[in-house]
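First comes the structure, then the notes that go with it.
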Amino acid sequence: MADTYDILIIGGGPGGYVAAIRAAQLGFKTAVVEREHMGGICLNWGCIPTKALLRSAEVFHYAEHGGDYGLEIARPSFQMEAVVKRSRGVSAQLNGGVAMLMKKNKIDIIWGEAKLTKAGKGGPVEVSVGDPSKPPVQPQNPVPKGVLGHGTYKAKHVIVATGARPRVLPGIEPDGDRIWTYFEAMKPAAMPKSLIVMGSGAIGIEFASFYRTMGAEVTVVELLPQILPVEDAEIAATARKQFEKQGMKILVDAKAAKVSKSADGVEVTIEQGGKTQVLNAERLISAVGVQGNTEGLNLEGVGVAVERGLVKIDAFGRTNVEGVYAIGDVAGAPMLAHKAEHEGTICVEAIKGLDAHPLKKTQIPGCTYCQPQIASVGLTEAKAKEAGREIKVGRFRFIGNGKAIALGEPEGMVKTVFDAKTGELLGAHIVGAEVTELIQGFVIAMGLETTEEELMHTVFPHPTLSETMHESVLDAYGKVIHM
Ligand SMILES: Cc1cc2nc3c(=O)[nH]c(=O)nc-3n(C[C@H](O)[C@H](O)[C@H](O)COP(=O)(O)OP(=O)(O)OC[C@H]3O[C@@H](n4cnc5c(N)ncnc54)[C@H](O)[C@@H]3O)c2cc1C
């Protein structure tokens, strides 16, 4: 007889495993089906290992610039193998941590590839895992004891949390050797001397920053007029200036029209402003976005609506088929781990009949952990104007902040966008040191519908980088102090 669950989740990424823990807390008999690794892309190939690599780059940078701090440090060097080993170790540690959380919460892990075999019509949803004629899936990291395997499972509710994978452009197919996606870029066998990064979103820029800091010649090719296209234009321009100062080459309004392999690398034909040029590099990273993992799940077969490769859901993760839900990257933008986690919680709480609060997508922060870091929440100045809002804008540069100067990080900027009539904080955008830790102050402020008055009356500790946030608000109202 098939095992029966209250909630069965397909995918053990941040969306899936958080949903599972919340479900177990609410008393549901819960299982997660995972085909590869607990923690999903985020812990294994995304958020976490990139931050570990970037941390190595940061420490390397400071060691190289010890003289700026009055220190004498012998010229640092590195073995790429050791840098990658540290990053993979951090992923493995967290991956094991997720498996332990599953055990602690009495959640079954079912290893294998899942697909929906029956859904709707008032009965339980059926999911088959694995193909019995094939050997079972070998998870990438140690398998927790007591896990289940191939078979058919029934559940009252099935949550699809299968995530996303790199988008591939025709003619620029990754080959695992010279044309990389984030998988290969995460564990290079050796340091390439030169690299072209196609796409300047968060993923492309983080890799560009890592490889440039570690010494590669890096060229970023962006189709749109601005790097970091979703960020505020002034913030992106400030970041670009810093990247170029570090020696990164940046081409915007530029299309990688053709990629071919040369004797020792890649040859990329770039079209820009009516002209064509050919760039050569050892490796190319294709970072042109991701696409949802909707294939192979038999979603259409059981009648679940999929639009442009993403599962269609309502504010609580419900699809058009009773008993089937979707959360995280597979359910659409913004494709971020914290969005996936919240969607998981909301979905499960709604199933339980609790007063679940739909996500406010305008208040989801986004962070890029390059050097300097970038963080933002809410509307950019351009988007606020496009929405017809009358706005007040505040700016404050890190050069006016004592802590930034003491840290030796005076390049940065905070920009705040307010509704001129109501004082509502519409957006906040920061570039500079540690700003990925600062942004949450503004996220809380927006969540609490804080006005400019309350932000101006808030006391920020001195000396901290957070004072730049205060000053930016003051600037929007003509009261800036240190500029
Ligand atoms: C290089 C990189 C850096 C990133 N950095 C950040 C960051 O700093 N911050 C941030 O918020 N986000 C970041 N992201 C995005 C983040 O990784 C994703 O938004 C997040 O992982 C989405 O979580 P998820 O649970 O929806 O899916 P995933 O994490 O993709 O997990 C889905 C899981 O489902 C499994 N699966 C798929 N199909 C099946 C099936 N049929 N049967 C069984 N299992 C299946 C997969 O093996 C996978 O483990 C980054 C992404 C990349 C690639």
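Placed from the backbone N, Cα and C atoms, the Cβ positions cover glycine too.
Curation plays no part in TrEMBL annotations; they are all automatic predictions.
Database features (TrEMBL):
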ACT_SITE  His462  active site, proton acceptor
BINDING   Lys51, Asp329, Met335, Leu336, Ala337, His338  FAD binding site
BINDING   Gly199, Ser200, Gly201, Ala202, Ile203, Gly204, Ile205, Glu206, Glu222, Gly289  NAD(+) binding site
DISULFID  Cys42-Cys47  disulfide bond
DOMAIN    5-344  domain 'FAD/NAD(P)-binding'
DOMAIN    364-472  domain 'Pyridine nucleotide-disulphide oxidoreductase dimerisation'
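Within 10 Å of the Cβ of Asp329 (FAD binding site) there are 32 other Cβ atoms, across all protein chains. For the binding-site residues listed here (Gly199, Gly201), the lowest count of other CB atoms within 10 A around the CB belongs to Gly201. Met335 (FAD binding site) and Glu222 (NAD(+) binding site) are 20 Å apart (CA-CA, integer value). Among the residues Lys51, Asp329, Met335, Leu336, Ala337, His338 said to bind FAD, no two Cα atoms are farther apart than 20 Å. In sequence order, Val197, Phe207, Ala208, Leu228, Ala287 are the residues of the same chain, not among Gly199, Ser200, Gly201, Ala202, Ile203, Gly204, Ile205, Glu206, Glu222, Gly289, whose CB sits within 8 A of the CB centroid for the NAD(+) site. Proximity of the recorded positions (Gly199, Ile205, Glu222, Ala337, His338, His462) to ligand 1: a Cβ under 6 Å from the molecule is found for Ala337, His338. Looking at the domain 'FAD/NAD(P)-binding' (5-344) alone, the prediction's average pLDDT is 95. Sequence-distant contacts of Met335 (FAD binding site), defined as residues of its own chain at least six apart whose C-beta falls under 8 angstroms from its C-beta, comprise Ala164, Val290, Asp329.
Break the domain 'Pyridine nucleotide-disulphide oxidoreductase dimerisation' (364-472) down by DSSP state and the numbers are 40 helix, 33 strand, 36 coil. Taking the Cα atom of each, Lys51 (FAD binding site) and His462 (active site, proton acceptor) are about 28 angstrom apart.
In this structure the C-alpha atoms belonging to Gly201 (NAD(+) binding site) and His338 (FAD binding site) are separated by 18 Å. In the structure as shown, the Cβ atom of Ala337 (FAD binding site) sits within 10 Å of 21 other Cβ atoms.
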